[in-house]
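Novice: Just dropping this structure here.
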Amino acid sequence: MSDRILQMEGISKSFFGVQVLKNAQLEVRKGEVHVLLGENGAGKSTMIKILSGAYKREEGKIYLNGEELPILTPKEVIDKGISVIYQEFNLNPHVSIWENIFMGKEFTKHGIIDSSKSKSEAKKYMELIGLDCEPDLLVGNLSIAQKQMVEIAKAISMDVKVLVLDEPTASITDKETERLFSIVRELKAKGIGIIYISHRMSELFEIGDRCSVMRDGEYIDTVELSKTSVEELTKMMVGRSVSFERYQNKALDTKSEVLKVENLNYKKLLKNVSFHLHKGEILGMSGLVGAGRTELAKCIIGAYTKSSGTVYLNGNEYSNASICKSIDHGIVYLSEDRKDEGLVLMHSLKDNIALPNLSLFGKFMLSKSKMECTAKESVEKLMIKAHSTDIQAKNLSGGNQQKVVIAKWLLTNAQIFIFDEPTRGIDVGARDEIYQIMGKLVKEGKSIIMISSDIPEIQKMCDRVLVLKDGEITADVKNTTELTQEKILSYALTGGK
Amino acid sequence: MEKFMKGKKIDVQAFTLYFGGIIILLAFTIICKINGKDFFSVQNIMNIIQQSAIIGITGIGASIVILTGGIDLSVGSVIAFVGISGGLLLKAGVPLPITIIACLIIGMLIGLFNGYFVSVGKVPAFIVTLGSMQIFRGFTKVLTDGKPVSGFEDSLAALTSGKVFGIPALVYYVFILYAIMIFVTLKTKFGRRLYAIGGNPNAAKLSGVKIRKIEISAYAIAGLFFAIGGICLLSRLSYADPNAGSGYEMDAIAATVLGGIALSGGKGKVGNTLVGALVLGILKCGLQILNVATYWQTVIIGVVIILAVYADKANDRKAE
């Protein structure tokens with residue numbers, strides 16, 4: 001086909017003797033948004049890293065506009081017109097937007113950087129994608145969505161032919177997502193081929209043209225998105241169908257209140273927040289990014305010091321909260337940021353599980369065998385996929401990392417679990433397992449607060465839903481079939497007015 | 001991704017260290033033989049051990065701080081300050097045991113000072129300890145107007161050179177101190193927390209680790225070990241020199257790095273620092289025996305440090 005811009009075929013790669021890509025392929029047309037879909041560990045990111053030159057392929061060929069590309073360095077790949085925008089941006093936060101856009105290819109006049117020309121050129125690219133601010137601004141002061149636009153502007157300035165977007169909507173709001181999509185559509189119209197990686201099914205159908213599915217390092221199939229369904233794609237990804245039924249919680253005991261928060265204030269981020277949590281309840285906490293949900297959780301466990309307000313645990317006032325005290329009182333927080341706040345990535349699975357529970361393993365001298373034994377039990381109980389408890393946490397997939405985080409807090413014998421975005425960046429199969437673990441927890445009489453931006457997930461799992469907007473609770477409602485996605489969204493956007 | 005890690009990873013760091021150490025040892029033995037000298041003479045081995053001992057002891061302190069992701073440059077100044085303080089106390093007639101205790105307390109207080117500014121004050125460890133390196137070197141000179149203190153009783157020298165089963169006491173100290181700190185770092189809650197805050201302070205904090213407490217303790221322990229090093233040096237030389245110990249910060253850090261503890265924190269074993277110190281000691285003595293000029297010795301040691309870490313990073317380079 002003549003409009004084929006990028007073709008990767010027969011790509012194989014192995015690490016330490018384990019094959020992670022087997023004869024994988026990908027074909028992108030000009031002016032197409034090509035979705036790359038697969039569970040975590042399916043080989044998507046390895047595929048992209050081979051394209052970007054971060055990894056060297058062992059076998060296979062890559063063609064760009066029909067020209068075969070040899071194995072190139074990341075810089076050479078960019079020069080060829082292939083840009084990858086990762087979730088973690090590749091920007092220098094300490095310098096301005098224009099310096100970032102033209103990093104490494106500054107406009108010069110007699111060997112001195114021509115800043116006025118650079119700025120006006122940068123402005124041109126920024127206007128092109130609707131980034132409406134001064135090119136002098138420091139990148140560190142921009143929002144995540146704005147940083148993303150800077151990355152896109154940078155790619156366009158380099159005459160990009162193939163643009164890879166890795167989970168571009170993972171941490172931006174719905175409104176920003178709309179804006180991103182309109183940019184993507186413009187790039188499409190320019191004939192740029194776009195590879196789009198995301199786990200959010202609904203948006204794939206909105207933005208994508210075709211979709212290639214990978215599983216276990218192998219290419220499965222490419223389909224037209226207009227001719228397929230979520231169920232079909234899910235089946236291709238996992239090789240089995242996943243249920244979308246609502247969870248039926250039979251453990252809820254509305255008579256006993258395990259946690260009560262009254263008029264909690266924190267800086268200007270939380271305003272007079274009051275709510276309660278029952279025993280055996282899964283309480284959903286919805287809202288836009290920045291609505292104050294994480295801050296609320298961190299105030300309750302004492303990671304942040306609340307400005308005012310009272311917290312009651314089992315009817316008793318809980319004052320002078322600190323993280324240690326909260327762990328002792330049986331209330332724990334599972335961070336939305338597994339890599340930065342949940343795990344010590346360079347340490348073993350075993351050490352990570354043991355960290356908040358060191359007292360279990362001896363008063364003075366820690367028992368290695370006890371630690372090993374406990375870690376093994378956790379691995380079995382939560383079905384963590386790991387060959388050994390000595391495996392470094394960074395070598396686990398997202399879903400398994402999340403299970404390790406859950407395992408370490410389960411051991412503390414906590415009664416209240418605050419899950420912050422428990423399934424972010426986790427594939428469908430592992431998500432289901434995490435829901436099952438939550439179900440088991442409430443069955444054992446524990447209580448859960450689930451902070452999530454994924455509204456279907458809130459609808460599926462929760463007994464009751466709180467919605468926060470700008471630090472205030474705008475809804476505290478039972479989760480029934482009447483509570484539609486639109487309703488939850490309207491509480492989050494406008495307070496339900 | 002979990003598939004990658006089927007087998008246990010070979011400990012590349014330990015391998016490089018031991019392998020490198022043996023090669024250096026062999027090289028010296030052979031070169032000495034060719035030149036008609038005996039590298040393994042009793043006197044020479046004693047020399048190596050004495051050289052390595054104080055690097056080894058101060059290396060423990062440096063290792064503990066580096067494990068938390070910090071750095072401590074005050075080593076040499078603490079050695080000198082403790083040496084002069086101890087010397088002046090002894091001269092003033094204070095009994096030796098009390099002098100030793102006072103010196104240890106001084107070392108810990110300097111460590112607490114460093115730890116406070118690093119952990120509570122949030123000043124980068126490099127800056128804080130660069131400052132205290134200057135401050136205590138300065139104090140040392142103020143105390144004696146830059147003049148050395150000497151003329152001590154034999155009991156001071158006996159502290160390190162006194163022999164038990166024919167081996168100087170200093171050697172026993174090194175092994176006892178290492179045994180204790182290997183145990184503390186690997187087998188106690190404090191040790192695990194030390195690694196955790198070096199590995200990822202955010203995760204450690206949310207896991208209920210009291211970061212400040214652990215971090216300040218680490219600097220205090222480091223100060224304690226620098227003080228022990230200072231006392232040992234004072235005893236060995238029987239002479240308190242306000243310029244003593246300069247360059248020891250680099251030796252202590254070099255032993256740590258050679259031993260494979262990551263400067264970014266959270267990774268490595270304190271026990272290997274002793275091997276790192278021995279490698280440095282062998283290098284220094286070996287070069288002396290071969291009559292390599294001191295200036296060249298410095299060059300060679302610098303090269304060896306870079307080469308060791310370079311070899312160590314082979315896997316990181318290959319991973320691309």
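Glycine residues also receive a Cβ, built from the backbone N, Cα and C atoms like all the rest.
According to TrEMBL, the transmembrane segment annotation covers B:12-32, B:53-84, B:96-118, B:125-144, B:164-186, B:216-239, B:270-289, B:295-311.
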Novice: Can you name the far-off residues of the same chain, 6+ from the ends of the transmembrane segment (B:125-144), with a Cβ under 8 Å from a Cβ of it?
Specialist: 65, 70-74, 76-78, 80-81, 83-85, 88, 110, 113-114, 117-118, 240, 242, 246, 249
Novice: Are there at least 3 C-beta pairs under 8 angstroms linking the transmembrane segment (B:96-118) and the transmembrane segment (B:216-239), leaving out pairs fewer than 6 apart in sequence?
Specialist: yes
Novice: Run the contact check on the transmembrane segment (B:164-186) against the transmembrane segment (B:96-118): 3 or more C-beta pairs under 8 Å, excluding pairs closer than 6 in sequence.
Specialist: no
Novice: Under 8 Å for C-beta pairs, could you tell me which stretch among B:53-84, B:270-289, B:295-311 has the largest tally with the transmembrane segment (B:12-32)?
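Specialist: Ranked by Cβ pairs under 8 Å, first place goes to B:270-289.
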Novice: Please identify the stretch among B:53-84, B:270-289, B:295-311 with the greatest number of Cβ pairs below 8 Å relative to the transmembrane segment (B:96-118).
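Specialist: Top-ranked stretch among B:53-84, B:270-289, B:295-311: B:53-84.
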Novice: What same-chain residues lie close to the transmembrane segment (B:53-84): Cβ under 8 Å, and 6 or more beyond its ends?
Specialist: 103, 106-107, 110, 114, 118, 125-126, 129-130, 132-137, 139-140, 143-144, 149, 170-171, 173-174, 177-178, 181, 185, 194-195, 197-198, 201, 214-215, 218-219, 221-234, 236, 240-249, 251-253, 255-256, 259, 261-266, 268, 270, 273-274, 276-278, 280-281
Novice: Same-chain Cβ contacts of the transmembrane segment (B:270-289) under 8 Å, 6 or more residues past its ends?
Specialist: 13-14, 17-18, 20-21, 24-25, 28, 32, 37, 39, 44, 47-49, 51-53, 55-56, 59-60, 62-64, 67, 174, 178, 181-182, 185, 251, 254-261, 296-297, 300-301, 304
